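First the structure, in the form of structure tokens, and then the observations on it.
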Amino acid sequence: MTISPPEREAKVKVTVDTDPVPASFEKWGQPGHFSRTLAKGPKTTTWIWNLHADAHDFDSQTSDLEDVSRKIFSAHFGHLAVIFVWLSGMYFHGARFSNYEAWLTDPTAIKPSAQVVWPIVGQGILNADVGGGFHGIQITSGLFYLWRASGFTNSYQLYCTAIGGLVMAGLMLFAGWFHYHKKAPKLEWFQNVESMMNHHLAGLLGLGSLGWAGHQIHVSLPINKLLDAGVAAKDIPLPHEFILDSSKMAELYPSFAQGLTPFFTLNWGVYSDFLTFKGGLNPVTGGLWLSDTAHHHLAIAVLFIIAGHMYRTNWGIGHSMKEILDGHKGDPLLFGGEGHTGLYEVLTTSWHAQLAINLALLGSLSIIVAHHMYAMPPYPYQAIDYGTQLSLFTHHVWIGGFLIVGAGAHGAIFMVRDYDPAKNVNNALDRVIRSRDAIISHLNWVCIFLGFHSFGLYIHNDTMRALGRPQDMFSDTAIKLQPIFAQWVQNLHFLAPGGTAPYAGAPASYAFGGETVAIAGKVAIMPIALGTADFMVHHIHAFTIHVTVLILLKGVLYARNSRLIPDKSNLGFRFPCDGPGRGGTCQVSGWDHVFLGLFWMYNSLSIVIFHFSWKMQSDVWGTVAPDGTVSHVTGGNFAQSAITINGWLRDFLWAQAANVINSYGSALSAYGIMFLAGHFVFAFSLMFLFSGRGYWQELIESIVWAHNKLKVAPAIQPRALSIIQGRAVGVAHYLLGGIVTTWAFFLARSLSIG
């Protein structure tokens, strides 16, 4: 950190342009107003596709970085408005159409429902009896558990929050309009990274966490403590009563009687009755101790508020991002040269570069969250709702996958549109690009090695089982392939808190070791033992993830040029082939790598969620008898069945699809129809992926001829989708069909097993 004399630094000022762009409904009402070509109106059917492709491609609408920045900034507010409306709808359903209040009275027996179907053509069958005399569709979003942890005790509070969501949405829409049409920030404001970091760290993350910690302490803790003790929700004081009357809090947490005295006298240990360090799970609810999570958010708030004072703005003290980057010369062995010189300019002038990094980080974080949701279930009673646990895991894994592919997409767009080779000479980025052949060929070798070896283990096992030679298989009972490193890591995590957190009463997660936590006779979490089957699936994960990385990284590193197409950057981010007369140059654009990466992302994550689903049903989820014996849902069949391809097909896909296939005539029948519809959408995608554009153009021309014959020819000339558009429609339906099919399969299964 350096302290600089005040005159050296340019002062940070918030400067805006007033009324830069007039708001005109007349202009917005004209389709394609953002592009001179599109604004002329449609001559062919390609127009409608280009309209959708370019509406949000601000780079194609203007080359002015300031205007692009303002558009993105304004669009963020629009995005937030949509999120608030969506959240408001969730809370409104909880208030108006749910059994939340009944569920609070008996959360282990009554199932959560927040949707009731109107029986117009007999859909009433979908309204199952979820307990407590309520009929509706069982939900697996986990919102009931979040609401209980937040301290909601009645529908009226949910109503108020729903209205609050709509108010916030309105505020966001206003802000989006105001900051583009009335007071639009200048480019310097968007590029002032030190102020941005300080505000985001201290304000968004720091004060955001502090506010949540405050809510948890003053509202969630007392309400949940009383609910856990069996007090009826209607008898619990309302949130404002706890906030305004400290004597009510002192009855539950005696330290409240002392007020802020211990804080200012540094006698903080007094507050340990509500800021705890227990570890493990609450034995009543199977969720993390709320007093632990309040403590966690308070600590996070302190860290981020400190972090938000780290960067130098107007006070001549703190870090300068540019100085840090320019001063970082990198590892002399691997990436010497100019190190990170020039990267500050890259990240402040290319929002694609910035977005690529943020998407990669956020996507990875989402997948980490997926694993924490079951290993350390944060909300009360969440852990024994297996449908919700499976849904939350799948959701966060898939979101992470899409964001990581998005990182590859925007990395490639950055390379094509924003990268300036002259400004990146011998720095880390330039050296990575110059090492691309070594990187990609090594990655390719890794993929081949992993693919042949992991698949080879399965082929061996299927062959041995087919020939009736179980003693020659790789399994826990024959030739063992124990994941010794994973077991060591598990054991380390189980034992480490004893040394690193000596005051914690229990391990962070029982998934690593310890006891079985059961709530109302159902397993919430227990140690997850790993064996040969996990070792084999793990290497399939390694294989598919490395292939996804290979495709995305090749797309980024070869986005501007390659030996095959040296002038690729002139062709842009998306193009089908390198023009007529050059065969064998298709699917080389940055866009095509994203297209192919999406298939491998889906492939790779399907195996992840299948592994999770079966492993949990086989080795974790189940019922606990009074004598402590655990009966797992599928009776521990994972270890012996998941070691052959046939086992995966027979004992996972086929056996567990029984619930969705046999769902007709029951409350789960909608999933049966969705299962078929998902297969149909998936099959429909293949029509776009397997056929070429010329086939359809020929067909269309003969249809147009027939229309001309009948004198009903359209004014807008029909055209086949472009090659890229066809692939886009194909991959969209492939993923949609696959996701819907998996959704129906998982939900019908998990709701059937309770």
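Here the Cβ of each residue, glycine as well, is placed from N, Cα and C on the backbone.
Model, not experiment: these values are computed from the prediction.
Copied from Swiss-Prot, the annotated features are:
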TRANSMEM  72-95  transmembrane segment
TRANSMEM  158-181  transmembrane segment
TRANSMEM  197-221  transmembrane segment
TRANSMEM  293-311  transmembrane segment
TRANSMEM  351-374  transmembrane segment
TRANSMEM  390-416  transmembrane segment
TRANSMEM  438-460  transmembrane segment
TRANSMEM  535-553  transmembrane segment
BINDING   Cys577, Cys586  [4Fe-4S] cluster binding site
TRANSMEM  593-614  transmembrane segment
TRANSMEM  668-690  transmembrane segment
BINDING   His679  chlorophyll a' binding site
BINDING   Met687, Tyr695  chlorophyll a binding site
BINDING   Trp696  phylloquinone binding site
TRANSMEM  728-748  transmembrane segment
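Everything Swiss-Prot records as a feature, shown here on the structure.
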| residue | record | Cβ contacts under 8 Å, 6 or more apart |
| --- | --- | --- |
| Cys577 | [4Fe-4S] cluster binding site | Thr585, Cys586, Val588, Ile723 |
| His679 | chlorophyll a' binding site | Gly737, Thr741 |
| Met687 | chlorophyll a binding site | Gly730 |
| Tyr695 | chlorophyll a binding site | none |
| Trp696 | phylloquinone binding site | Ala720, Leu721, Gly726 |
Recorded stretch, among 197-221, 438-460, 593-614, maximising Cβ pairs under 8 Å relative to the transmembrane segment (535-553): 438-460
Three-state secondary structure, which DSSP defines for Met687 (chlorophyll a binding site): helix
Proximity of the transmembrane segment (390-416) to the transmembrane segment (293-311), 3+ C-beta pairs under 8 angstroms: no
Spatial neighbours of the transmembrane segment (293-311) far in sequence, C-beta under 8 Å, 6+ residues away: 193-195, 197-203, 205-210, 212-213, 216-217, 220-221, 274-277, 318-321, 378
Chain residues in Cβ proximity to the transmembrane segment (158-181) (below 8 Å; excluding those fewer than six residues from its ends, i.e. six or more beyond): 19-23, 70-71, 73-78, 80-82, 84-85, 87-89, 91-92, 94-96, 100, 147, 152
